[in-house]
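Q: For reference, TrEMBL lists these features for the protein:
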- 60-519: domain 'Major facilitator superfamily (MFS) profile' (DOMAIN)
- 135-153: transmembrane segment (TRANSMEM)
- 165-184: transmembrane segment (TRANSMEM)
- 190-210: transmembrane segment (TRANSMEM)
- 222-245: transmembrane segment (TRANSMEM)
- 251-270: transmembrane segment (TRANSMEM)
- 350-367: transmembrane segment (TRANSMEM)
- 379-400: transmembrane segment (TRANSMEM)
- 407-428: transmembrane segment (TRANSMEM)
- 434-457: transmembrane segment (TRANSMEM)
Amino acid sequence: MANSPESNPISHGSSLGAPLLVPSKEPGWDSGPGSEPQKVCIDDMLQNYCGEFGYWQLKHFVLTSLAWALEAFHTMVMIFADREPGWRCVGELGCDEKESHVCGLEPGSWEWEGGPGSSTVAQWGLVCGQKNKVGLVQALFFGGCMIGAGVFGHLSDSKLGRKGSLTAVCILNAIFGCLTSLAPDYSTYLLLRFVTGFSTGGVGLCSFVLATEPVGPTKRGVAGMSTFYFFSTGIALLSGIAYIFPSWRALYVASSVPSILFLVLVVPFISESPRWYLVRGKMNEAMKIMRTIANANGHHLPDEVILALDDESNDASNGNQIWEAATVEKEAISGSIVDVIRSPITRIRLFLAVGINFTCSVVYYGLSLNVVNLETNLYLTVLLNAVAEMPAFTITAVLLDKFGRKPLAIGTQWFSAIFCFMGSLMGNVGISKVIRMCCGLLGIFGMAGTYNLLFIYTAELFPTVVRNAALGCATQAAQMGAILAPFVVVLGGGFPFLVFGVCGLIGGMLAYYLPETLNKPLYDTMTGLEEGELA
């Protein structure tokens, strides 16, 4: 941890626009211990000088986290666009409206309520023997998310950075979303949903890391848990948008326009992560952001305090070595998923995180999509599901720093599993239908808390240099679970609830073997992590 800075009579220039943020060594300069710059890691600088969660972090957090609502729009729009609308009898061809389904009715004896443009199911007749095509569209969307999470997870750690990757995925989302509304046939629609998933897979990933990395260590847990409020709010807003725009084509346009507004009105006011600048060797840029944070929060960052990677700030080197490490531009430090697997510490963490994210996603997305099988008001049920998630975020955020990440990860998954098992025993008529819906609400309540917790938990398990790559890998596993969820939902009845219960039980068992990260530092490098964990 950093010590209190010593006074330094030499002025190094405090202007934010100064061309040299790291002091230069002048001829005849005394390199005694009292004149050396103080090297601190980002967490120490935030705690001691800049503020952990002041005005700057609050503004940046809110603006960046708005992207979660965009992900909710592009992901959950399938609930409404691919729904099976109601139908009614027409003409005198012997149609019986007491029939539970249209499969046994004569063609021309019935019609869809709202016309063929009300949903893709009505547009292309995706019922009866074609019903599996609905699940295929949804599965391919999540397949695109899986690929996109890996691609943009790598790009945000390397060339594009966090902000650049977030900008790219929002541009692609806006384009692909609007093009989807013009799909002339099922095959084109299938392709466009896949590429939309590819870009959507990187939205939450980049937004989460960019929003939480500038936050101090004691506030990061609560901040990270709060990001999903924006996702749930997006789902709630989407239910209202879908009610206003009943046509699936108009709905895709309406759900894509916010991405354009985000690019124009929000992205220009978002900053790149100082941690990414630091590991990429861009010391000047990282220090500029840290000074901006300190000034905006009403704090003062002394000129003699400079940033360093965690393994450097812990290095007990002599004065000359310190100055060599404090150069303005340093060689970029990079890492990949190969480095994560190569290290025994991170390899086990990655495998466990992948398994938990997979099972959690099956339950979360499965319960979200399963509303079509509950035979209740679709708009109201989706809204209730979104509202049910929010108290879970609040409770887990409050308990996060009291009980730790590991106990909550286990408890929330098993809580969800209990109610999913109960739901599998309920019928779909009378009071049993109401009880099953309540079991679904409580199931999604528990798993929403887990899904949110896993982002902050997974981010804390890996160092900055590979954080997005590891988080992207875990997100890919989550998307694989999401791919499976639509096919489980299509089976209907109590079977989906049974599958969700088993997944929740297994996920909680896997979480038991993860280490606790409460009050642990957010490491920058693999070396820093290994030295810190083995100390």
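Any Cβ shown, glycine's included, is placed from N, Cα and C.
Model, not experiment: these values are computed from the prediction.
Let's see these features in context: how buried, what's close, how far.
A: Residues of the same chain lying 6 or more positions beyond the ends of the transmembrane segment (165-184) and with a Cβ under 8 Å from any Cβ of it are 64, 67, 70, 74, 148, 152, 155-156, 192-193, 195-196, 198-203, 206-207, 210, 248-253, 255-257, 259-260, 262-263, 267, 270.
Long-range contacts of the transmembrane segment (190-210) within its own chain (CB-CB distance under 8 A, at least 6 residues past either end) are made by residues 64-65, 67-68, 70-71, 74-75, 78, 136-138, 140-153, 155-156, 162-163, 165-166, 168-170, 172-173, 176-177, 179-180, 183, 224, 227, 231, 270, 272-273, 455, 459, 467-468, 471-472, 475-476, 479.
Proximity of distant same-chain residues to the transmembrane segment (222-245), defined by a Cβ-Cβ separation under 8 Å and at least 6 residues beyond the stretch ends, is recorded for 53, 57, 61, 65-73, 76-77, 79-80, 204, 207-208, 211-212, 215, 251, 253-255, 368, 379-380, 382-383, 385-387, 389-390, 393, 396-397, 400-401, 448, 451-453, 455-456, 459.
Proximity of distant same-chain residues to the transmembrane segment (407-428), defined by a Cβ-Cβ separation under 8 Å and at least 6 residues beyond the stretch ends, is recorded for 356, 359-360, 363, 367, 373-375, 392, 396, 399-400, 435-436, 439-440, 442-447, 449-450, 453-454, 457, 493-495, 497-498, 500-505, 507-508, 511-512, 514.
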Q: Considering every residue in the domain 'Major facilitator superfamily (MFS) profile' (60-519), what is the mean pLDDT value?
A: 84
Q: When you scan the chain for residues with a C-beta under 8 Å from the transmembrane segment (251-270), skipping those not six or more beyond its ends, what do you find?
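A: For the transmembrane segment (251-270), the sequence-distant neighbours (Cβ-Cβ under 8 Å, at least 6 residues beyond its ends) are 59-60, 63-64, 66-67, 69-70, 73-74, 77, 80-81, 163, 166-167, 170-171, 173-174, 177-178, 180-181, 210, 238, 241-242, 244-245.
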